[in-house]
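Read through the structure below, which is laid out as structure tokens, and then see the notes.
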Amino acid sequence: MGVPIGDLVPRKEIDLENLYGKKIAIDALNAIYQFLSTIRQRDGTPLMDSKGRITSHLSGLFYRTINLMEAGIKPAYVFDGKPPEFKRKELEKRREAREEAELKWKEALAKGNLEEARKYAQRATKVNEMLIEDAKKLLQLMGIPIIQAPSEGEAQAAYMASKGDVYASASQDYDSLLFGAPRLIRNLTITGKRKMPGKDVYVEIKPELVVLDEVLKELKITREKLIELAILVGTDYNPGGVKGIGPKKALEIVRYSRDPLAKFQRQSDVDLYAIKEFFLNPPVTNEYSLSWKEPDEEGILKFLCDEHNFSEERVKNGIERLKKAIKAGRQSTLESWFVKKKP
């Protein structure tokens, strides 16, 4: 879900071409959830193979990753590890919301209301370990780097970006900024036309670039104050934040208070200072490799077509596109190296 500070954050629309040659660390769980939510049939049922196993996420990962590679982007997917203990309440809340949405989905189906059914089906989306392992396997077969975070994937992606190993972190959530990512790319995996909920209207969704330094300059605060602001309005670790405090009021509080959390700690059932410390110093690892390899053609065909009933013709076409994108990327890198070497 992430922290609700979007109204305060300056951001600008960009084209995929603006990210040409850039390495991007993508929040894998966030992307998988998006694919599972959006790649569905009219009644909200996800794509499945002949054995009833969900494949929406595999379709999304395969074709969207190829699109990114064709745009000259080098994607790496960062997977979540163990969540912090104080996230348990939010995870339980999400589970209950999914169960309620699933009941409403079935009710809408029984009434023949397909639009309502699809809406609730999206809200009922859940990601289990099997879906994650399938996603990892596909990405490895495609030659795409995967990184296993010790805890939050967004924290690991932000760390990689802060080191300069990648250009930016990619996620729909703004938490990456709290974790210190110098740049955040939103809408990277959902770019294109999307239907507005409840309306027969389609809108064009484009990637957005959010630069941490520009955010802090616009709000006239430090990153530490941005974290305090987020805690006041609510994060995944203290859902809902402080009652009655929205983003604008929280901004005013953190600007003029040396220790804005002190006043509200007494009325909170979680340690607000522990949450702040987690954002400042989350568990991360240096054990990762950013190496893009040739795809395993036979492995991809076996996994997607033989095991999950994907169209062999479409998958073969996708593999060819992927190979061309990798070759073009290497050629571009070689040419830029020679340009730099010229006297």
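Including glycine, each Cβ sits where the backbone N, Cα and C put it.
Noted in Swiss-Prot for the protein shown:
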REGION    1-98  region 'N-domain'
BINDING   ASP27, ASP80, GLU152, GLU154  Mg(2+) 1 binding site
REGION    116-258  region 'I-domain'
BINDING   ASP173, ASP175, ASP236  Mg(2+) 2 binding site
REGION    330-338  region 'Interaction with PCNA'
Checklist entry - Which entry in the list of binding-site residues, ASP80, GLU152, GLU154, ASP175, ASP236, has its Cβ near the fewest other Cβ atoms, using 10 Å as the limit? => result ASP80
Checklist entry - Whole-number Å distance between the CA of GLU154 (Mg(2+) 1 binding site) and the CA of ASP236 (Mg(2+) 2 binding site)? => result 12
Checklist outcome for this item: ASP173 (Mg(2+) 2 binding site) sits from ASP27 (Mg(2+) 1 binding site) (Cα to Cα, rounded, in Å) at a distance of 9
Checklist outcome for this item: Here the mean pLDDT of the region 'Interaction with PCNA' (330-338) is 56
Next on the checklist: Within a 10 Å radius of its Cβ, which of these binding-site residues (ASP27, ASP173) has the fewest neighbouring Cβ atoms?
Outcome noted: ASP173
Item to check | Cβ within 8 Å of the mean position of the Cβ atoms of ASP27, ASP80, GLU152, GLU154: remaining residues of the chain near Mg(2+) 1 | outcome: ALA28, LEU29, ASN30, VAL78, ALA149, GLY153, ALA155, GLN156, ALA157, SER171, ASP175
Checklist entry - What does DSSP call ASP27 (Mg(2+) 1 binding site) in the simple three-state scheme? => result strand
Item to check | Secondary structure of GLU154 (Mg(2+) 1 binding site) (DSSP, helix/strand/coil) | outcome: helix
Checklist outcome for this item: Grouping DSSP H, G, I as helix and E, B as strand, the residues of the region 'N-domain' (1-98) number 47 helix, 17 strand, 34 coil
Checklist entry - Under the DSSP assignment, what numbers of helix, strand and coil residues are found in the region 'I-domain' (116-258)? => result 66 helix, 22 strand, 55 coil
Checklist entry - Any idea what the Cα distance is from GLU152 (Mg(2+) 1 binding site) over to ASP173 (Mg(2+) 2 binding site), rounded to a whole Å? => result 12
